[in-house]
Amino acid sequence: MTLGPLMIDLKGVTLDSEERAWLGHSWVGGVILFSRNYESPEQIAALIKAVHALKEPRLLVAVDHEGGRVQRFRDGFTLLPPASLLGKLYDRDQRQAQRLAMITGWLMAVELRAVGVDFSFSPVLDLDRGVSAVIGDRAFHGEPDAVIALARAYIRGMAWAGMAAVGKHFPGHGSVVADSHTALPVDKRSWRQIREGDLLPFEHLARAGLPAVMPAHVRYASVDSRPVGFSPFWLETVLRGQLGFQGAIISDDLSMAGAAEVGDMSARMQAALSAGCDMALVCNDPDGYALLLDELKGDPYPQTSPRLLRLYGRYPLTRSQLYHNPAWQRAVQMLAAYGEF
């Protein structure tokens with residue numbers, strides 16, 4: 001049995017019979033969690049355990065847990081700083097900033113691993129050009145070298161906790177005003193401008209073994225007519241061919257307005273997978289899941305599984321083990337020294 005190439009979300013804090021049927025479908029290989037699915041560490045651990053028990057290989061469980069304004073689980077978890085705080089510290093003290101980035105990545109990952117989450121969709125590798133409000137303080141910095149240094153440290157911390165990193169939003173969402181949640185942003189810069197700036201963090205980290213990437217719902221008009229997540233040129237020619245990326249590609253949410261031009265949800269999913277995505281992410285469409293899954297017959301693409309299987313979390317631990325871990329205690333104290341976020 002293979003791991004299916006579709007990741008969906010859930011309605012609430014427990015599984016109902018309809019969701020169990022969705023998750024049991026051969027095309028479904030993962031679940032993304034949101035704040036609406038969370039009440040407490042104990043509750044989310046029980047929910048994830050129920051998801052994992054549904055089938056083998058077990059479903060991947062993911063969440064957006066970057067820190068700052070994008071942290072789905074808050075009460076009972078350490079509040080993490082926005083990436084930009086690390087960037088500001090980098091301008092004053094590069095070594096200290098990289099140390100804090102590593103500790104932040106480890107702390108984020110180890111707390112999620114303690115409730116059973118496999119991976120977070122992080123870190124953000126976009127450059128903060130002072131243009132995009134939806135990216136803004138989610139980005140480490142505006143300069144590629146700073147983003148590379150901080151992201152490498154952050155990813156190292158994640159790996160020590162047993163979590164694979166997902167770099168986003170390839171090839172860079174930081175130079176467009178529009179928010180792809182509500183519109184399709186169009187970036188009119190030249191290939192050279194993108195290649196010599198935004199692409200650099202993705203290139204360096206791809207060559208360092210970045211486990212996964214999420215493409216942007218952005219059209220780079222001077223390069224290709226299709227949004228990146230539906231573009232074989234961007235995903236196969238550039239990301240895999242030119243940058244040497246060997247990890248998994250997971251689409252951004254296909255229910256976003258930035259994906260709407262491709263067609264209905266079935267057309268979007270098929271287009272993303274055909275372009276080179278290993279997994280298609282579909283959120284906030286519970287009424288559409290039954291229709292979508294009914295259209296998907298037979299076994300999905302078995303060749304996608306090897307890259308996806310490398311995203312399973314490692315080094316399982318309990319919350320009790322976490323709380324009694326001196327490294328966790330030191331990390332929480334160190335982060336607290338930088339104030340509330």
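First residue shown is number 1, and so on along the chain.
Even glycines carry a Cβ here, placed using N, Cα and C.
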Candidates ASP64, ASP187, the one Swiss-Prot lists with ARG72, ARG138, LYS168, HIS169 as binding substrate: ASP64
Inter-residue C-alpha distance, ASP252 (active site, nucleophile) and ASP64 (substrate binding site) (nearest angstrom): 11
Residues that sit under 8 angstroms from HIS169 (substrate binding site) by C-beta distance, when 6+ apart in the chain: VAL124, LEU125, ASP126, ILE135, MET214, PRO215, ALA216, HIS217, VAL218, ASP252
LYS168 (substrate binding site) to HIS181 (active site, proton donor/acceptor) - Cα separation in whole Å: 15
Rounded to the nearest Å - Cα separation of ARG138 (substrate binding site) and HIS181 (active site, proton donor/acceptor): 15
Among ASP64, ASP252 [recorded positions], residue with fewest other Cβ within 10 Å: ASP64
Other C-beta atoms that fall within 10 angstroms of the C-beta of ARG138 (substrate binding site): 25
